[in-house]
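**Student:** I am attaching a structure below and will ask some questions about it afterwards.
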Amino acid sequence: MNHLLSMEHLSTDQIYKLIQKASQFKSGERQLPNFEGKYVANLFFENSTRTKCSFEMAELKLGLKTISFETSTSSVSKGESLYDTCKTLESIGCDLLVIRHPFNNYYEKLANINIPIANAGDGSGQHPTQSLLDLMTIYEEYGYFEGLNVLICGDIKNSRVARSNYHSLKALGANVMFNSPNAWIDDSLEAPYVNIDDVIETVDIVMLLRIQHERHGLAEETRFAADDYHQKHGLNEVRYNKLQEHAIVMHPAPVNRGVEIQSDLVEASKSRIFKQMENGVYLRMAVIDELLK
């Protein structure tokens, strides 16, 4: 694996291999590789807590040294292009670049970069490591994907998580459904849009998404009402209690409590939200190992 850019670029065999390797790192079954003498730069052009810190933790566990990079104090603020920034880091000896960028498909401009790139999110395009850690969490729970009913609720149109998980879950044989306000429907993703109350008793996984306020126009934001959204599309106690006994609740976070999900359900027994974060470290360790070996 030369780069990790999109879930659409991964075969199902590669997905299972990454999940297995991550699980072995988590259990201690797999010995940690020694990447002492390897250097990584994390380039985050959008804000991040979980993804950035998770990658940093994964890098530390694998023995990598991290090159400090802050967009606000770099030459990006002087107008330097993404390509020139990445080429500079390659030239000074970085072995791996982890990049989050607000532009969809930013990596298409980096074809002449000769070190591995891990996409940590591109605009509303793809978020492959989030999808992989979600798949790991689901596989831990069920041990399979074929036939699972997955309901993805939220801002489908603007969510890179929705797009990545749609492609990967479909490829693995799961049944994907969406629930979203009409304004956030994405017709390019061929899955049915359903009323949450019509399917809540039959789904195996409810995957809630954050509202992507930063990608909305002024008119769209003016129309948005958190209480109305929560009533029509959020997971409240009534809906939670209708879930099957084995069903689980997921969210890539950050969570807007009281909007996508009732606050006291974030750590309820069916919630795997913080388990996803835990798994993210081991999954990203597996990705880094594949990219650098």
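In case you wondered, yes, glycine gets a Cβ from its N, Cα and C as well.
Below, the features straight out of Swiss-Prot:
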- ARG50, THR51, ARG100, HIS127, GLN130, ALA253, PRO254: carbamoyl phosphate binding site (BINDING)
- LYS78, ARG160, ARG210: L-aspartate binding site (BINDING)
**Student:** Within 8 Å of the Cβ centre of ARG50, THR51, ARG100, HIS127, GLN130, ALA253, PRO254, which other residues of the chain have their Cβ, at the recorded carbamoyl phosphate site?
**Tutor:** SER48, THR49, SER54, ALA120, GLY121, VAL161, PRO252
**Student:** List the binding-site residues among LYS78, ARG160, ARG210 whose C-alpha is within 10 Å of the C-alpha of PRO254 (carbamoyl phosphate binding site), in sequence order, or say none.
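**Tutor:** Passing the 10 Å Cα cut: ARG210.
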**Student:** Which state, by DSSP, holds PRO254 (carbamoyl phosphate binding site): helix, strand or coil?
**Tutor:** coil
**Student:** If you measure from the CA of ARG160 (L-aspartate binding site) out to 10 Å, which binding-site residues from the list ARG50, THR51, ARG100, HIS127, ALA253 are inside that radius?
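**Tutor:** HIS127, listed in sequence order.
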**Student:** Other Cβ atoms within 10 Å is the metric here; tell me which of the binding-site residues LYS78, ARG160, ARG210 scores highest.
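**Tutor:** Answer returned by the neighbour count: ARG160.
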**Student:** Roughly how many Å lie between the Cα atoms of ARG100 (carbamoyl phosphate binding site) and LYS78 (L-aspartate binding site), rounded to a whole value?
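**Tutor:** Between the Cα atoms of ARG100 (carbamoyl phosphate binding site) and LYS78 (L-aspartate binding site), the distance comes to 19 Å.
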**Student:** Look at each of the binding-site residues, ARG50, ARG100, HIS127, and point out the one with the fewest other Cβ atoms around it within 10 Å.
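**Tutor:** Across ARG50, ARG100, HIS127, these binding-site residues, the one with fewest Cβ atoms within 10 Å is ARG50.
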**Student:** Rounded to the nearest Å, what's the C-alpha distance separating HIS127 (carbamoyl phosphate binding site) and ARG210 (L-aspartate binding site)? Just drop the number here, would you?
**Tutor:** 14
**Student:** Helix, strand or coil: which one is ARG210 (L-aspartate binding site) in, per DSSP?
**Tutor:** coil
**Student:** Could you round the CA separation between LYS78 (L-aspartate binding site) and THR51 (carbamoyl phosphate binding site) to a whole angstrom and send it over?
**Tutor:** 26
